[in-house]
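Worksheet: one structure, shown below.
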Amino acid sequence: MRLAGPLRVVVIILTAGLTWILVSLLLGTQSGFSRLQQLLSSPENLPTAVSGWGSSAVPLQASTAPSGRAGARSRQNKPRPRRYKCGLPQPCPEQHLAFRLVSGAANVIGPKICLEDKMLMSSVKNNVGRGLNIALVNGVNGDLIDVRFFDMWAGDVNELLKFIRTLHEGTLVFVASYDDPATKMNEETRRIFSELGSSVAKELGFRDSWVFVGAKGVQDKSPFEQHTKNSKSTNKYEGWPEALEMEGCIPQRKADGQ
């Protein structure tokens, strides 16, 4: 009976101690349990890098990821990747012209032609339309010569021929399709685009998607061309293939005599 009193005191002390430890864990207080936290987070207990990944593999440092609204703010404040002219992910070399072409999406969203960070043709500029959207550019200095669109469904193909027959040597030709680029095309039209460097002009069909950069006087086929056939089995939109996007750097031509 004499031990009942001391045992009761010991039980009370142990209960209070365990309660304090639990509260420290839940609230994260930096007191008597800090040593245990340090031991758990010591370098010996952190995950190590997996071997066999080569010298380029760098293990991540252990960190505490913010949660809730703080985490959302952190993601929003994360710097965006730097973009260069026309939104290119890297700058073009000197004596090169940066460009981006986007074909139209179905018959709803118009095409875009950007050169050296200047939008030459777009729906916002109100200078695009159904068919072929074409920008002519001076291949030496990058100056814009002219922009026009030609309705290849119900328009007059002779208007297009007048536009591309008499190009000067070295003129760059930027083309972006919208809706239907080919119904009104005749043999001469396809031949001229082929001479400008196109590899697909002769097989271009109804509602195909097409983006192309060619030049007057080139000897080889252009590396700047994309084409998607209108096909029920692969079309992204009902009746139309997906829109195409192409970007790159075009070497400027040297002026005559240089």
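Just so it is clear, glycine is given a Cβ too, placed from its N, Cα and C backbone atoms.
Marked as transmembrane segment by TrEMBL: 6-27.
Under the heading region 'Disordered', TrEMBL lists 60-84 (among others).
Look at TrEMBL and you will find 75-84 tagged as compositional bias 'Basic residues'.
Mean model confidence of the domain 'ILEI/PANDER' (130-217) amounts to 97 (pLDDT, 0 to 100 scale). The domain 'ILEI/PANDER' annotation in TrEMBL covers 130-217.
The annotation region 'Disordered' is assigned in TrEMBL to 222-258 (among others).
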So if I exclude everything within five residues of the ends of the region 'Disordered' (222-258), which remaining residues of that chain have a CB under 8 angstroms from its CBs? That is, six or more out.
86-88, 92-93, 95-107, 109, 139-142, 170, 172, 179, 196-200, 204-215
